[in-house]
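Asker: Positions annotated as (6S)-5,6,7,8-tetrahydrofolate binding site by Swiss-Prot: SER114, LEU115, LEU116, PRO117.
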Amino acid sequence: MRIIFAGTPEPAVVALQKLIESHHEVAAVITRPDARRGRGRSLHPSPVKALAEEHGIEVLTPTTLKQGTEDGDALRARLAEIAPEAIPVVAYGNLITEDLLSLPKHGWVNLHFSLLPTWRGAAPVQAAIAAGDERTGATTFRIDQGLDTGDILATMEETIRPTDTADDLLTRLAYAGGDLLVETMNGLEDGSIIPQPQEGEATYAHKIATEDARIDWTAKVDVIDRHIRAHTPGPGAWTLLGESRLKVGPVSVVEPAELGELSDTTALTSLQPGEVHVAKKEVMVGTGSTPVRLGQIQPPGKKMMNAADWGRGLSSQASQAAEGGQVEVKFS
């Protein structure tokens, strides 16, 4: 089946590669225009464009899909020439206008990383981890004018592991979802797939802003653990130390039974939310329930570092500033 692929970021590359390796003909890709990145602000192609060019596939990079614009009209003309039977979509990042949806025989088919109608929207993987869901998955559906509301074509399930970060889970879903997308194209081609309307209560995963990633240390420890993993690696869970913003990597929960085995049990059980306790080989932070043990932390202008090394730096500063070297630090 002749298809055009629409996608932009790294997770979309996996699906494109699997489609290229299938018997389907990827006649072209649609992706976002080159973007400026890095300190030099030089132009870089999207990951999807880079892969397409490696395989000699035509690349279309319209700034808009709106009819009546130069880019939008040029895209429509090219689509008419290529005449794809379906346009699979993975994280393309541009609004698909209503008149375009009916152009391919089988429509525009989106790969969404949740079990719809659960977690419609921009950040379904992060939302599933933060909510404490035990399972999620991927869904292929025919795009309509709603927000992830189209008829379902196929689904697959994936277990969320207790230590999964958003990156861990998204990586697994990208590979399994890529296979699902190929299977969906196969089913549309041979007529074995019958679109089904979405059923059940919808939930929504809004686009994540930097402020959303801030850690609330008054929350219970399991909520904080999930919040940090959900925002790792991007945009990165963060907290304030004075006026400095620090990114915090995944933490480990200090279980109540474990407290009795630690040398500073009294100090740890009395930690207030956000209060930091520096020991010889670890850094603990108080929460709304039991403490957490920091794994990695990123001070401003530096790379991620071992939290124990960061804690020793704090101890050194304290010993220079006050007799006895007592470390009194609190995140906010």
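We number each residue from 1, going along the chain as drawn.
Placement of Cβ uses the backbone N, Cα and C atoms for every residue, glycine included.
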Asker: Please report the three-state DSSP label of LEU116 ((6S)-5,6,7,8-tetrahydrofolate binding site).
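Answerer: In the DSSP reduction, LEU116 ((6S)-5,6,7,8-tetrahydrofolate binding site) maps to coil.
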Asker: Enumerate the residues of the same chain, SER114, LEU115, LEU116, PRO117 excluded, that satisfy the criterion Cβ within 8 A of the mean position of the Cβ atoms of the recorded (6S)-5,6,7,8-tetrahydrofolate site; list them in sequence order.
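Answerer: For the (6S)-5,6,7,8-tetrahydrofolate site the neighbour list reads HIS112, THR118, TRP119, ARG120, PRO124, GLY137, THR139, ASP148, THR155, GLN198, ALA202.
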Asker: Which has the fewest other CB atoms in a 10 Å radius around its CB: LEU115, LEU116, the listed binding-site residues?
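Answerer: Output over binding-site residues LEU115, LEU116: least Cβ neighbours within 10 Å is LEU115.
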Asker: Once near-sequence residues are set aside, which residues in the chain of PRO117 ((6S)-5,6,7,8-tetrahydrofolate binding site), 6 or more away, have Cβ atoms under 8 Å from its Cβ?
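Answerer: Looking at Cβ-Cβ distances below 8 Å from PRO117 ((6S)-5,6,7,8-tetrahydrofolate binding site), excluding near sequence neighbours, one finds ASP148, THR149, GLN198, GLU199, GLY200, GLU201, ALA202, THR203.
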Asker: Just to confirm: which same-chain residues, 6+ apart in sequence, have a Cβ under 8 Å from the Cβ of SER114 ((6S)-5,6,7,8-tetrahydrofolate binding site)?
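Answerer: Correct list: ARG120, PRO124, VAL125, ALA127, ALA128, THR136, GLY137, ALA138, THR139, ALA205.
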